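Feature annotations, reproduced from Swiss-Prot:
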type	residues	note
BINDING	CYS15, CYS18, HIS19, MET81	heme c binding site
MOD_RES	GLY2	N-acetylglycine
Amino acid sequence: MGDAEKGKKIFIQKCAQCHTVEKTGKHKTGPNLWGLFGRKTGQAPGFSYTDANKSKGIVWGEDTLFEYLENPKKYIPGTKMIFAGIKKKNERLDLIAYLKKSTSE
């Protein structure tokens, strides 16, 4: 498992421009990520997803996020997420640790 404090820095640098994590957070260019773990792709209430995201049908968890965050457009062809991915394994683990902590109570 990664380091949530390091993951927070990665989130701020690479994700916060488009995403929020707080329970009352607003959608930005990307969806609010509160409740991410255990939710199916394309299911954040009130966010307009591509058909590719809605039909992917996987449930977000550590393993699926680990693979997705390496190369989002390869994992979900047709996603509108304009992020190249995080190639370093330890950075993905840190980010996932932060997301797990910050997107649930």
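For all residues, glycine too, the Cβ spot is worked out from N, Cα and C.
Here the Cβ of CYS18 (heme c binding site) has 14 other Cβ atoms within 10 Å, regardless of which shown protein chain they belong to.
The most crowded of the recorded positions listed here (GLY2, MET81) is GLY2, judged by how many other CB atoms sit within 10 Å of its own CB. In this structure the residues listed as binding heme c are CYS15, CYS18, HIS19, MET81; their two most distant Cα atoms lie 11 Å apart. DSSP gives CYS15 (heme c binding site) a coil state; it is part of no helix or strand. The Cβ of CYS15 (heme c binding site) lies under 8 Å from the Cβ of GLY30, PHE83, LEU95, each on the same chain and at least six residues away in sequence. Apart from the site residues CYS15, CYS18, HIS19, MET81, the chain places the Cβ of LYS14, ALA16, GLN17, LYS28, THR29, GLY30, PHE83 no farther than 8 Å from the centroid of the site's Cβ atoms, the recorded heme c location. Within the same chain, residues at least 6 positions away in sequence whose Cβ sits under 8 Å from that of HIS19 (heme c binding site) are PHE11, LYS28, GLY30, PRO31, ASN32, LEU33. Distance between Cα atoms for CYS18 (heme c binding site) and the residue listed as 'N-acetylglycine': 22 Å, as a whole number.
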